[in-house]
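What follows is a set of notes on a single structure, which appears directly below.
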């Protein structure tokens, strides 16, 4: 790295956050994403309930916080993006390009999830909600609505209720072959899913338009760089907490909420003997904090040189972990209500991944008074959470390339470049808005994990052993005038963890 004078010279010409709070809210919005809503609650109840906090918090202390601190420090001192920063050793510059590519890939497929939430947001304005009825063109003869009992599984009744759209007269109905209306709406209406990735089908233009709207929002937020992103970050990071609190308060007052919360929180300490639970906790911490994508390096590169990064590296992971737990309260209180309403066990009304956000939870919200209101609030919250993650992810691509190719920073070129990247992101996402696009999205989500882990390991090796912890400690002293106790602990940890 360059010395202190070089870093200060870089700081003078490089844009910085208007206020330090902007950096915090943007990083919180980046870390607190859709995984906090659809992955952590399911992971917690399936991994020992309240007992899961033990491996989760241990992973936070020994994996999440140290890596988070390392990346923030790295970007803040160098004041450079994830590619240009590796001039410390050109051998590792490929890591920077890999980070930018991964951030680009994640942004493309993640925006499809946001587009789906936008789709549901607009659908929530209909009365009745489209995922609450059978007899629509996307429904099959197996469709059921919440609360339907077996006496209604009569072919004639189904045929009459469908207004002639379905010929179910020869259907043999049993309680085991029915499918929820919300399930069919998501997979048959929204996705119009095919039988596999080998059958892409046609483009879903309504979903494509939602994807376009998502990219327009991203472009508008990032057109002014960190200055505009910092202002938008107040909305994308803070508003979800307001909406989530509204959902929690409403959820815990519903009949059956206690049943859902007990299912979510009741500790099962026998699960702690299962190594898979510890592995899941470590993976959740690693991916939920979005380490090793280059985004933390890019965002912290806009910090002031003297910023106290230690407090940031502690506060943001703690807020992220709290949000995961808090979101679970909103999810399982409503699922408990649904369980009480349908007579099914909580385990039978919940699921994980997109199915929780776009099938189980909407079905539960539909059984509440004024379901349109609660659905609008929920999906607006999901859109905000998604955008909070998207802004830094896309900015990582922009910052990385603009730092590496300075001509892109010129005023005219900057505008064209930023708009062009957003257009490219939209166009590259079109294959995922086809009828078989869901399988492409799943493939991307599954296989992005291993490159992230490899990049994370190589990044730590490059900083700790190639650049050196001693020089890194000197850099910290240049920035804040001391070596905090937290860094001394991290320093000891990194040295022995990498050796092991």
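Indices start at 1 and increase along the chain as displayed.
The backbone N, Cα and C atoms fix where each Cβ goes, and this holds for glycine too.
Here TrEMBL gives transmembrane segment for one range in the set 149-170, 171-192, 281-302: that range is 281-302.
Site annotation (TrEMBL): Na(+) 1 is bound by 29, 31, 32, 36, 288, and the candidate from 129, 385, 398 recorded at this site is 385. TrEMBL lists transmembrane segment for one of the ranges 75-94, 415-434, namely 415-434. Among the stretches 205-226, 238-261, 281-302, the one making the largest number of Cβ pairs under 8 Å with the transmembrane segment (373-394) is 238-261. Comparing C-alpha positions, residue 32 (Na(+) 1 binding site) sits nearest to 320 among the recorded positions 134, 143, 320.
Annotation note: residue 134 (disulfide bond) sits in a coil segment as assigned by DSSP. For the binding-site residues shown (36, 288, 320), fewest C-beta neighbours within 10 angstroms: 288. Proximity of the transmembrane segment (52-74) to the transmembrane segment (238-261) is not established, fewer than 3 Cβ-Cβ distances being under 8 Å for residue pairs spaced 6 or more apart. Within the chain, the transmembrane segment (21-40) has long-range Cβ neighbours (under 8 A, six or more residues past its boundaries) at 110, 113, 226, 229-231, 233-234, 236-238, 240, 284, 287-290, 295-296, 299-300, 302-303, 307, 312, 315-317, 319-320, 323-325, 327-328, 331, 352-354, 356-357, 382, 385-389, 391-393. Remote same-chain residues near the transmembrane segment (205-226) are listed as 15-17, 22, 111-112, 114-116, 118-119, 122, 190-191, 232, 236, 299, 302, 386-387, 390-391, 394-395, 398, 414-415, 418-419, 422-423, 425-426, 429-430, 433 (criterion: CB distance under 8 Å, separation of at least six residues from the stretch ends).
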